[in-house]
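Student: Attaching a single structure in structure tokens format; questions to follow.
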There are 2 protein chains.
Amino acid sequence: MTADMILPRGFRSAGLACGIKENKSTFDLSLFVSDEPCVGAGVFTKNQVCGAPVKVSRERVPGDSVRAVIINSGNANACTGERGIEDARWMTSEVAQGLGFENEEVLVCSTGIIGHFLPRTPIEQGIPAVIGQLGADASSFLNAARGMMTTDTVPKQAMRELTVDGTSVRVSGVAKGAAMIAPNMATMLSVIMTDAPLSASQADALLREAVDFSFNCVSVEGHTSTSDTVILLANGASEADPLSADDLVQLQAAIMEVAMELGQAIIRDAEGADHFITIEVSGASTQAEAKEIARTIANDALVKTAIAGSDPNWGRIVSATGRTSVKLTEADIVLHLNGTLIYEKGMPAEFDEEAVSASIRDNRDVSIQLQLPFGSESIVFWTSDLTQEYVRLNSEYTT
Amino acid sequence: MTADMILPRGFRSAGLACGIKENKSTFDLSLFVSDEPCVGAGVFTKNQVCGAPVKVSRERVPGDSVRAVIINSGNANACTGERGIEDARWMTSEVAQGLGFENEEVLVCSTGIIGHFLPRTPIEQGIPAVIGQLGADASSFLNAARGMMTTDTVPKQAMRELTVDGTSVRVSGVAKGAAMIAPNMATMLSVIMTDAPLSASQADALLREAVDFSFNCVSVEGHTSTSDTVILLANGASEADPLSADDLVQLQAAIMEVAMELGQAIIRDAEGADHFITIEVSGASTQAEAKEIARTIANDALVKTAIAGSDPNWGRIVSATGRTSVKLTEADIVLHLNGTLIYEKGMPAEFDEEAVSASIRDNRDVSIQLQLPFGSESIVFWTSDLTQEYVRLNSEYTT
């Protein structure tokens with residue numbers, strides 16, 4: 001995989017184990033650096049209880065003088081009061097000092113357990129070490145993807161290359177975790193980098209649009225973490241000239257694809273999950289309504305346990321749809337499960353329950369398609385099933 | 001238990017097995033009858049996808065000429081189109097015919113699997129049989145509580161007696177199921193009877209108030225079923241005169257207590273649950289805000305798995321609070337778990353984690369108390385934990 005990695009120019013990254021986590025050989029520190037000041041945009045958790053790093057980073061984007069993102073795993077630095085804010089600022093100043101940047105040019109993310117003060121000693125030693133390992137190669141990039149992992153089983157990265165006026169433009173991204181599925185209260189973090197030339201407001205708009213259709217369309221159990229953060233860095237290191245409107249559309253598509261690939265990778269790696277579920281809601285009046293229905297189905301414990309049990313229990317899906325705020329009746333719903341029509345306009349369809357059950361049991365991917373008659377808006381949403389293993393993982397952890 | 005039952009005068013009830021369920025000896029049909037036309041009020045599911053019996057009963061209350069409530073378990077008669085409506089009406093007409101009532105004087109509830117047509121044959125034979133067994137004694141009342149059970153392990157009933165101007169007034173209630181925790185898409189159903197003299201509008205108001213603080217304050221996984229129904233019957237068979245405002249307050253308290261006892265009994269019998277969790281939110285600006293916070297905590301998979309694992313993981317509770325729409329920050333929250341202060345105003349409190357963990361592990365009841373500084377509104381809410389057994393029960397069922 002590393003051989004195929006075509007990374008955006010002008011960025012370096014690194015990751016290593018500095019000793020925040022109990023297992024001292026597990027990576028827990030990552031650094032992303034742009035060789036020149038670059039544009040940075042961020043989308044942060046909507047949870048009103050948010051981590052100190054969210055508060056610090058949020059003040060520093062969007063902007064056009066971002067140099068680095070420092071990330072630790074193993075400790076979320078959330079619900080840690082004023083001391084937490086000071087710790088987050090201190091992390092950025094350690095990086096700034098090591099690299100000759102201004103403090104305000106460094107962004108910070110933390111993921112891990114809530115309510116414990118950040119351990120400064122390992123980080124103080126880790127930051128010069130991670131600076132020393134910065135590289136533009138694929139293995140440095142993968143190390144950085146590893147340093148942000150909590151209960152993830154694999155590092156998550158995605159790349160795209162496009163051609164703008166005959167010039168190559170690249171987008172890469174890394175991500176970790178899935179909402180709050182992790183025993184330690186993990187978090188969804190992602191850093192996306194591009195060597196395209198973007199203004200801060202362009203980067204902000206592109207990122208928000210991409211997040212809306214990617215990370216905001218995945219959910220494991222509907223719990224928005226205190227520390228969710230997605231950052232876009234654009235350093236203009238490609239030779240592309242200022243982008244035309246058409247170029248921007250192309251770049252938007254590439255950023256969206258990277259974000260969607262990362263979002264889906266998070267769900268595919270969801271703790272204890274047996275199925276990767278794609279929910280498509282179409283024919284809605286507004287996209288917000290389509291998303292509300294998809295999200296309600298995605299977070300429904302009864303739908304998720306039915307899928308875990310290979311049960312084509314459409315009643316749970318139709319009932320979940322009915323409990324949203326979208327005005328509808330059961331006669332408005334047409335439902336396909338793994339391509340088979342199972343419910344149509346208020347009445348069960350005749351279908352081979354055994355065959356549909358087998359198609360769930362024998363495949364990791366499950367497709368739920370719900371059609372409405374109201375309009376032309378649609379959404380695609382991703383989730384995982386709810387298994388006994390999920391409960392075991394999330395209850396057997398004891399502080 | 002049956003010896004202590006002091007039931008409202010002028011009601012008879014019965015329950016039996018008519019053969020709707022696979023196990024032909026399991027009770028699946030219940031009937032409640034008032035000797036004289038009585039006042040009836042109902043509160044029904046807010047799910048827009050609702051069962052045919054909900055549609056039929058909703059048209060017939062509130063009113064002052066209700067005679068009976070017929071209930072079957074084993075089939076929800078939901079998502080069954082026009083034929084389902086006809087079947088629900090037919091059930092009421094069979095009862096009306098057998099007892100000499102008008103069709104419109106009979107209410108109907110069904111609970112069980114969604115999307116299957118009601119089997120008329122066993123019900124056609126069962127209705128005359130259940131009419132034949134009607135009795136005013138405690139064992140008939142308990143049989144009726146049994147006939148509405150789906151995956152409940154125990155019948156649920158509650159009683160109160162109060163004195164109004166020297167005259168005894170009685171309230172009794174039965175309930176089944178807990179939201180949609182059941183594999184077959186079960187439902188919360190309850191019938192509450194009183195021999196107090198009430199007008200239809202009084203009954204309606206008393207019932208809505210009682211439901212708001214009882215059944216609307218319990219949740220297993222946040223899935224509002226298609227068929228939830230609570231019915232209040234008031235037949236005036238006690239010798240109490242028209243009630244004064246003070247009497248109404250007393251009666252309201254009795255009805256509320258019966259409803260709360262039944263709501264709590266449902267949660268105590270929640271499938272696969274190890275803990276009964278009481279969530280108290282106080283110091284809110286409005287009751288709606290207190291309830292939103294309590295409900296969000298109650299339905300949070302991460303809070304529920306933490307309790308299952310005896311983990312005093314307050315971060316999950318604080319984070320769940322932050323993702324509600326109630327305007328707050330982490331500094332506004334004070335949290336007690338089983339009476340121990342564990343989080344105060346943005347910072348973790350020092351507490352003995354081992355001791356709090358042991359207090360969860362060694363007791364079935366868990367108390368979460370969340371204080372806010374905004375006002376004087378509060379709510380008490382009940383839920384269960386999320387265990388591997390819950391997932392097994394809800395995923396191993398296969399249609």
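Backbone N, Cα and C define each Cβ position, glycine as well.
TrEMBL does not curate its annotations; it predicts them automatically.
Found this in TrEMBL, in case it helps:
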ACT_SITE  B:T187  active site, nucleophile
BINDING   B:T150, B:K176, B:T187, B:E271, B:N394, B:T399  substrate binding site
Student: Which is it, of B:T150, B:N394: the one of these binding-site residues whose Cβ has the most other Cβ atoms within 10 Å?
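Tutor: Highest number of other Cβ atoms within 10 Å: B:N394.
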Student: Go through the binding-site residues B:T150, B:K176, B:E271, B:N394 for me and flag any whose C-beta is under 8 angstroms from a C-beta on chain A.
Tutor: B:N394
Student: I need the most crowded of these binding-site residues: B:K176, B:E271. Count other C-beta atoms within 10 angstroms of each C-beta and give me the top one.
Tutor: B:K176
Student: Name the secondary structure element type, per DSSP in three states, that contains B:E271 (substrate binding site).
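Tutor: In three-state terms, B:E271 (substrate binding site) counts as coil.
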